[in-house]
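K.L.:
Please read through the structure below; I'll follow up with questions.
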Amino acid sequence: MIDAYDTLGLPLTATEEEIKKAYKRLSLQCHPDKVMGGDARDTAAAAARFNDITSAKDILSDGERRKIYDTFGLDLGEERPEMEVWTIGMGTLLSPLGGFVLKTIVARFVIWLVSFSWIGWLLILLGVAAGVLYYADAHYGEMRIRSQESVSILMNVAVLDVVILLHWLWPLLADTVCVLYLASEVAGLAFFVESWKIGVAAGLVSMFLAWLVRGWWLWIIGFEFLLAVILLVALTISSGIMRLWIDSVQVQHGDKLKQQREGLRATRKLMETEILDLKRKLEVQQDAAPKRASR
């Protein structure tokens, strides 16, 4: 088959109604159930033919998908190209940046929260109580304090208590932990713990950066948010440009593709005519051979 139109036996200008009728007719004729119990090759061929028919119908029934198919000569799938650009941009740029902005806000909120002494003491007491319960292996019904889920919560409480103590000792140390946490979200925690030299260097650099940006955190969060907005606008513009490019390609080259498809059909028809003529000549020669032999 030349293309999806040819698979359904339709002209290149087929309407939606013609596509539906052709699919209904061919799906009934070529359904794999019609050859059930037959040869395995025939069953596989029928299934492949039915899948081709279904795929051709899916391509031509969707207006946007058909438009792209008529523009480039191939099917790019159900997802439109501009949406693919949007999805890739969201997954590789905007989502990671949005997550980083959120973590920055949460980290600074925690630092601000523990600056209140009564909240700090409350969290310290909570950590001590959790440690006592863990040591006693406390449990309630099927819930155990030493279960994997509980241990992860206790670890977070312990880290929070350490941050509180560091903040009480010297606020810059708590800011250093904040910077180190954000850096680990970018580079990965394994990068800092695989070597003590790297860990120490990262700690010193984080302390310097924490000292450098003290009092600028709101501006930093605002800059991160602005960068996320800029990326969002850029993705929107990129998707729009992709849509305009597709429309431009269709206007400039859509007729060329149509002419190529029509040329392939004309060539096939000519070859079929030549094959029929050769078959007739061969049949005439085969019929004339016995007559010449009888003479």
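Cβ atoms are placed via backbone N, Cα and C, with glycine included.
Remember, it's a predicted structure, so these values are computed and weren't measured experimentally.
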K.L.:
Quick one: which of 9-36, 261-288 does TrEMBL have down as coiled coil?
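P.N.:
Checking TrEMBL against the ranges 9-36, 261-288, the coiled coil one is 261-288.
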K.L.:
Using Cβ atoms and a strict cutoff of less than 8 Å, what residues sit near the transmembrane segment (216-237) while being 6 or more residues removed from its termini?
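P.N.:
Counting only partners 6 or more residues beyond its ends, the transmembrane segment (216-237) has Cβ contacts under 8 Å with 85-86, 89-90, 93-94, 97-98, 100-101, 104-105, 108.
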K.L.:
Can you work out the mean pLDDT of the predicted model over the coiled coil (261-288)?
P.N.:
86
K.L.:
What stretch, picked from 85-102, 153-174, 186-210, has the most CB pairs under 8 A with the transmembrane segment (109-133)?
P.N.:
153-174
K.L.:
What same-chain residues lie close to the transmembrane segment (186-210): Cβ under 8 Å, and 6 or more beyond its ends?
P.N.:
100, 172-173, 175-180
